[in-house]
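Participant: Just dropping this structure here.
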Amino acid sequence: MEHNSSNFIRNIIKEDLESGKHDHIITRFPPEPNGYLHIGHAKSIILNFGVADEFNGKTNLRFDDTNPVKEDIEYVNSIKEDVKWLGYEWDNLFFASNYFDEMYKRAILLIKKGLAYVDDLNADEIREYRGTLTAPGKDSPYRTRTIEENLELFERMRSGEFANGEKVLRAKIDMASPNINLRDPVIYRISHTEHHNTGNKWCIYPMYAFAHPLEDAIEGVTHSICTLEFEDQRPFYDWVVENCEMPNVPRQYEFGRLNLTNTVMSKRKLKQLVDEKFVDGWDDPRMPTISGLRRRGYTPEAIRAFCHEIGVAKTSGTVDSRMLDHFVREDLKLKAPRTMGIIKPLKVVITNYPEGEVEWLEAEINPEVPEMGTRQIPFSREIYIEQDDFMENPPKKYFRLFPGNEVRLKHAYFIKCEEVIKDQDGNVVELHCTYDPETKSGSGFTGRKVKGTLHWVEATHAVPAEFRNYQPLILDENGEDEEQEEKTFLELVNPNSLEIFQGFVEPNMKDVQPQDKYQFFRHGYYNVDPKLSTADHIVFNQIVELKSSFKI
Ligand code: ATP
Ligand code: MG
Ligand code: MG
C-alpha cells in the first residue's frame, strides 16, 4: 500500500527500526464501544494498521471498555464490521476490561509504594483543590493517609461498601505541577454499574488516563498513537508505565485529528442526531460514520486514498469534505457501469415513430473501460426525459429542449420539440417531438450538429426507482470546533439535507443488488441502498455529483 510522505509517525517508526531501538512494532486501534466509528476513526485505523502492515508489525483491535455506563455490544459488533470493511485485519482482538484484575493489582502496587491514596473529597471539591493554569492546587486533607489505611479503604471500595462518588483513588504526584494532569489525577472511581463483559464483578473502575497506558504496556504495544488532545497526558502516561513497573514500555505519539467541513464527528453529537431522529440511524447516508458512508456508497479504496492524501501531521486542521468526494469519483470512474436514469420525469411522445414498435440500441457500459462490454436499451415512441431539460421560454444559450429546438438523445436519435401539452393549470405534462431516423447514434451522421445531449429512458420498459439526493447535514463550513455549543450545533442541522424523487431507470437495472454503484449520465454516482431497497422498489442514494469545482 502506498504511503504519503507527510506522515511523521511513519518516519519515527522507520527510524526506531533502523536504529535497533525496536526489532518489531505493535500498534493498536483502541475505540471505546460507545458509538459507531466515523471518518475520523478511519484516519486512526489507516494510520495504525497501515504502519504495522508496512513494517511487518502487528495491530491489535482493542475495545477500550473501561467505562461501563455508555458501552454496548451493538457498538462492539459495528466497530468490528467497519474495521474489516475498511480492509484491515487485526492480529489480536482484546477487551481492556479483561485487564481489570491486572489494573487493580497495579493500583495496589502504587498504594504500597506511597504513590496513591484514597480521597474522600467529592468531585466538586477535587476540581476546586486542583487549582488553575495560573494557580497551583492544594493538597487534599486525605492525602496523608497511611499506606495501611489506603490499602484497607481501597479494598473496601472494591468490596462495595461505599456509594458512587463517596471515595476515589488518586495518584500521589504533585499538586503544584505546572501540568494540571499531574495534580494527583483520579485513577479509580466507584460505579455500581453492570459491565457488558465483567457483569457485576466490579464496582470500581479505572479512569481512562490510568487504564490506557497499562493496556498498551500489557499488550507490548510499542507505538501508542493518539490524537493531539492527549499531548498533556503524556507525562502521566509515562508516570503510570514507570511506577506500575510495567515490563514493556510503550511510547505515546500524538497526531492532529481529522475535522471535515460541514461535519460533526464527536460521538456525543452523532448520538444526539440519532436519538433525536434528525437522521435515520447511525448508518444514515448523511452521517460521517463509516456505516453511513458505506450506505451512501463511498468505497474503502476512496477513504484510504483520501487519508493517505491528507497525511499525518502534528497539527489539526479542517479538511474540505469535497476532497473526500474527489477520491470517491476517482475510484468509481473506472469501476461503475454507466447508465441513464430520470429523476423528475417528463413524458415525450415521438409522433413520427411507428406505434407499438420497439428497437434495441447498443450502448457501452463504460466508454473508458471497453472490456466492460455493452448493454441493450430500448427505444420507442414514448420516452421520459428530465423536467429540468425542457424550458418553454428559454434564456439565451440554452441548448436543451424548447419549442422548435433539436437535441441529441444519448445513444439514440436527434429529436425536435414540436408541441407542448399542458394541463388545466398550465403545467407542462407532455411534449410531442419528432425524430430523424438519419441521425441514429453510431451511424456516422454528419448532416447537421446540435448542441445539447439529453439522457432519457424508454417509457414502456422503464423500471421505477427512487432517487435520494443529499446536501450536507451540517451547515457549518468551519467543521467542528471544540467550543461549538450543543444548542448551536443543533441549529446548524440542515433541514433540506435529503430530497426524494420517484423516477425511472433502464430496464437492464431491474435486478440491481444492494451496494451496486452506477454512474447515472449527467446526475452523478449512485449506490443501491441496502436498507430501503426491495425486490420491487429500488432506492438509489446519490454518492456524489459528477463534477465539482474542487481541485486538489
Ligand atoms: P469521541 O470524542 O467522538 O467520542 P473518541 O476519540 O473518544 O471520539 P475513541 O473511540 O476513543 O473515540 O477513539 C478511538 C481512536 O480513534 C482514538 O485513538 C482516537 O484518538 C481516534 N480518533 C477519534 N476521532 C478521531 C479523529 N477525528 N481524527 C483522528 N483520529 C480520531
Ligand atoms: Mg470517547
Ligand atoms: Mg474523545
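Just so you know, glycine gets a Cβ as well, placed from its N, Cα and C.
Because the structure is a prediction, the values reported are computed rather than measured.
Straight from TrEMBL, here's the annotation block:
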type	residues	note
DOMAIN	25-333	domain 'Glutamyl/glutaminyl-tRNA synthetase class Ib catalytic'
MOTIF	31-41	motif ''HIGH' region'
BINDING	32-34, 38-44, T227, 257-258, 265-267	ATP binding site
BINDING	D64, Y208	L-glutamine binding site
MOTIF	264-268	motif ''KMSKS' region'
DOMAIN	336-436	domain 'Glutamyl/glutaminyl-tRNA synthetase class Ib anti-codon binding'
DOMAIN	453-529	domain 'tRNA synthetases class I (E and Q) anti-codon binding'
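Walk me through where these features lie, including what they touch and how far apart they are.
Facilitator: Same-chain residues lying 6 or more positions outside the motif ''HIGH' region' (31-41) and placing a CB less than 8 Å from one of its CB atoms are 63-65, 67, 70-73, 75-76, 78-79, 82-83, 196, 257-260, 263, 265, 267, 270-271, 282-283, 287-291, 293, 303, 324.
Under 8 Å, Cβ to Cβ, and six or more positions away along its own chain, H41 (ATP binding site) finds F29, P31, D82, I290.
Around D64 (L-glutamine binding site), the same-chain residues at least 6 positions away in sequence with a Cβ under 8 Å from its Cβ are P30, P31, E32, P33, A96, Y208, A211, H212, E215.
Long-range Cβ contacts of the motif ''KMSKS' region' (264-268) within its own chain (Cβ-Cβ under 8 Å, at least 6 residues beyond either end) map to 34-36, 38-40, 258, 288, 474, 476, 480, 484, 489.
Per-class residue totals from DSSP over the domain 'Glutamyl/glutaminyl-tRNA synthetase class Ib anti-codon binding' (336-436), listed helix then strand then coil: 6 helix, 53 strand, 42 coil.
Across the domain 'tRNA synthetases class I (E and Q) anti-codon binding' (453-529), the DSSP tally of helix, strand and coil residues reads 9 helix, 31 strand, 37 coil.
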Participant: Count the other Cβ atoms sitting within 10 Å of the Cβ of N34 (ATP binding site), across every protein chain shown.
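Facilitator: Excluding its own Cβ, the number within 10 Å is 16.
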Participant: As a test of the contact definition, list every same-chain residue at least 6 positions from K43 (ATP binding site) whose Cβ is closer than 8 Å to its Cβ.
Facilitator: R257, L258, C307, I310, V312
Participant: For ligand 2, list the binding-site residues among E32, K43, S266 whose CB atom is within a distance below 6 Å of it, in sequence order.
Facilitator: E32
Participant: Can you tell me how the residues of the motif ''KMSKS' region' (264-268) break down into helix, strand and coil by DSSP?
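Facilitator: Split by secondary structure, the motif ''KMSKS' region' (264-268) comes out as 2 helix, 0 strand, 3 coil.
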